[in-house]
């Protein structure tokens, strides 16, 4: 793993952008995208640039079950607001949170991933070490799955909703096994609340108790952290 320490999210976003730009110059065509607060400055930097994704494909990590694409808290909406409206891709894939047949939707999304191997995957990380919505206990070889969100994840995401009761309790998420198939992975983490998860990811044992520790199995991972998120690392 390569650890890049930055002073703030703006610098972190710039570092991530440089990796994206280099990938695009080297014919990367499929970009795995994440939502949440950690990649926002990265997306702002991409939007302000002259990068062109009109010949590229995006594949998102996850979506809440029960939210329509036009719901302001859905990840479809997040991606349109933060990236797609300004930087369109030829094709953009996200799980369908309103799918009437969830098992069929999981199979469909696994096929999307198989048909569009990811060149560069963007990740954030939860306080409990989750990547995507792969909560502690998720198998390292898992494919796309419906996930029951943990209490800590629901509480962490409540800030985006009017009431905690409005936070969906389930999501469809690309599995850890699917994430590990990406050629290159870039993870953003900021703030003291992520320090424990980052220590477990980088220096802890490979354990399903810390889903992101699975990244130790991958040979091209860059972790972009501020000093607070890196504060528990031994070096």
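Along the chain as shown, the residues are counted starting at 1.
Cβ from N, Cα, C; glycine included.
As annotated by Swiss-Prot, active site, proton acceptor applies to 62 (among others), with the evidence given as sequence analysis. Just so you know, the Cβ of residue 62 (active site, proton acceptor) picks up 23 other Cβ atoms within 10 Å once every protein chain is counted.
Non-local neighbourhood of residue 128 (active site, for ring-opening step): 135, 136, 150, 152, 153, 197, 210, each in the same chain, at least six residues away, with C-beta under 8 Å from its C-beta. For 128 (among others), the entry in Swiss-Prot reads active site, for ring-opening step.
All protein chains considered, the CB of residue 130 (active site, proton acceptor) has 25 other CB atoms within 10 Å. Swiss-Prot lists 130 (among others) with the feature active site, proton acceptor.
For the recorded site, residue 135 (active site, for ring-opening step), the DSSP three-state label reads coil. Taken from Swiss-Prot, the feature active site, for ring-opening step applies to 135 (among others), supported by sequence analysis.
The DSSP secondary structure for residue 130 (active site, proton acceptor) is coil. Distance noted between the C-alpha atoms of residue 130 (active site, proton acceptor) and residue 62 (active site, proton acceptor) is 12 Å.
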